[in-house]
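Participant: Encoded as structure tokens, here's the structure I'll be asking about.
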Amino acid sequence: MASAQNPLLQDFIFPPYDVIEANHVCPALQSLLTKLENDLIELEKTVEPTWPKLVVPLEKIIDRLSVVWGIVNHLSSVKDSPEFRAAIEGIQPSKVEFQLKLRQSKPIYDAFKAIRESSDWENLSDARKRVVEMKLKEAVLYGVSLEDAKRERFNEIEQELEKLAQKFEQNILDATKKFEKVITDKKEIEVDLCERKFTVHVSRASDGPLNNTPIIERILELRLEKAKLLGHSNYAEVSMETKMATTDRAKDLIDKLHNASWGPAIQDMEDLRDFARGQGAEEANDLNHWDINFWSERLRESKYDLNEEELRPYFSLPKVMDGLFNLTKKLFGIDIEPAVGAAPVWNTDVSFYKVKDSSSTPLAYFYFDPYSRPLEKRGGAWMDVVVGRSCVISSDNISPRLPIAHIVCNQTPPTRDKPSLMTIREVEAVFHEFGHALQHMLTKQDEGLVSGNQGIEWDAVEIASQFMENWCYQRDTMLSFAKHYETGEVLPEDICLRILTARTFRAGSQLLRQLRYAGVDLELHSSYVPGGRESIYDIDQKIDKYAAGYYSYQWAEVLSADAFSAFEEAGLDNDQSLREMGYKFQETILARGGGKSPNEVYLEFRGREPTPDAFLCYNGLLPTIAA
């Protein structure tokens, strides 16, 4: 197909999602990679250690590929097909090869190094310093300093890891599509089916042609080899290079969280056994994972008189979105309005929105794809970047390009007579992903390589998303959107309070579970020997006895809770104080992007170092610390 006719290669503000097909992918990427390869050769010939001669042309190369590949990747996630898979598998090696050339470019690396060592360094803005330091670190982590044979092996590893990651995701999607269970006996819906559901869920893609176990083992083996090529003893050390917290701070946090959760977790299990015994359960003295899930939900229903399924009518998607948009207007002074027909979409269920400031100036746009489509769409919820804010990539060479995002969820679709009705956990997921989108869309950073979520250390990326989650459990916010879809009746006050109280149900167990996942992750990437005497399942069982490990998600949870507590201190019932605190959060956490160290940005917002007290308090675990 001639490149002039290929929709992926057109100049567009909003991607032409309605006309892009699988057969456009390979021709578009082949043509684009050829052009970008020539651009890279030209840049390496003419590069100078100045912003116009180094960063501007480099950003244009990086941006063009990330936008086109991002569109392709997005469509494969929401509109999967054998044709899309074949197209991606066909072109992926060429894409990876080009990215490695770019990241390992010695002339580009030397130019960045010259800027870093120049007498003008101190005159650069914080954002530009961060770009330089980020690109130097990235080049080293991608093997710029490796000799020829080692670099060649490094590149082979990167190619294989990319293929394995793609195959892993495809296996999970295919295993999910493949499962079906016909129920003819009503009794099966109780505990017997819980075991089946649990086993099927946790064992997806773990045997037969869709088995991910050898893929996991091979990924771990390759990551270890890659780490050693880069001069590290394990992959955990490589990963730590791109994190916000120091190892000492991480260990201190893990110890505090473990100490706070251990006692309550043991009590949780005792309470669960007692309850199951009281209900005449034979398995009460030896609860399996599926038993724990089943009896936890029964105990929760009994203790708080709550049934998530029965509460769905109060959480309809249209009212939840109205509540979310009203909250963001109250906190950040922004308006969100539907922009029907302004941009092509990939499915008729997809909505498109414009984000404006208080003077109606457009700030950003986003797509929202809320409903489950199991045959073509991967599970879960996520936010992805379409394009980021950038002064280099500008349609008029005056104002920066505005950010555009995707927000994707997997909720129950509406029927002819009712809207999509949600559980509180699904509400939480929407608020979470919208928090990611806010950080992308409300950035004021014009340096494209560090705007929005770009260039932010991995353990700080979750702060804005988890901060927004906290608002789901704030009484006034919940009552603003919890209205019966048929009658308009507001969720009764007593039920609202029971939902808020139930948030801390089994909090010790839940936290310990997260720490366990962290422990498995750390062990697999630090001490595990691929092909050795212990399998990945042996490691999992060993960690089950507890090991303090990776902290990233917990670190973000602690910071987000600490940030939310600043709004509590300001007064949740004081709109003026909330707006002032919202402005402060907006101008720091949301606006700075990766243009300043997250530690500095957080200190600027909060006026002090973060503490875990608010997180532990919200989870009902603070008294343990005091004791």
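Each residue, glycine too, has its Cβ placed from N, Cα and C.
Just so you know, TrEMBL annotations never went through curation; they're auto-generated.
What TrEMBL records for 30-151 is domain 'Oligopeptidase A N-terminal'. Annotated coiled coil per TrEMBL: 147-178, in sequence order. Residues annotated as domain 'Peptidase M3A/M3B catalytic' in TrEMBL: 203-538, 544-616.
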Participant: Take the coiled coil (147-178) and find every residue of the same chain, 6 or more past its ends, with a Cβ under 8 Å from one of its Cβ atoms.
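Facilitator: Distal contacts: 80, 85, 88-89, 92-93, 96-97, 100, 104, 204-205, 210-212, 215-216, 218-219, 222-223, 225-226, 229-230, 374-375, 378-379.
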Participant: Per DSSP, how many helix, strand and coil residues does the domain 'Oligopeptidase A N-terminal' (30-151) have?
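Facilitator: Each residue of the domain 'Oligopeptidase A N-terminal' (30-151) counted once, the result is 102 helix, 0 strand, 20 coil.
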Participant: Given the model, what does the mean pLDDT over the coiled coil (147-178) come out as?
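Facilitator: 84, rounded to a whole number.
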Participant: Kindly report the helix/strand/coil residue split of the domain 'Peptidase M3A/M3B catalytic' (544-616) according to DSSP, in that order.
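Facilitator: So the domain 'Peptidase M3A/M3B catalytic' (544-616) is made up of 49 helix, 0 strand, 24 coil.
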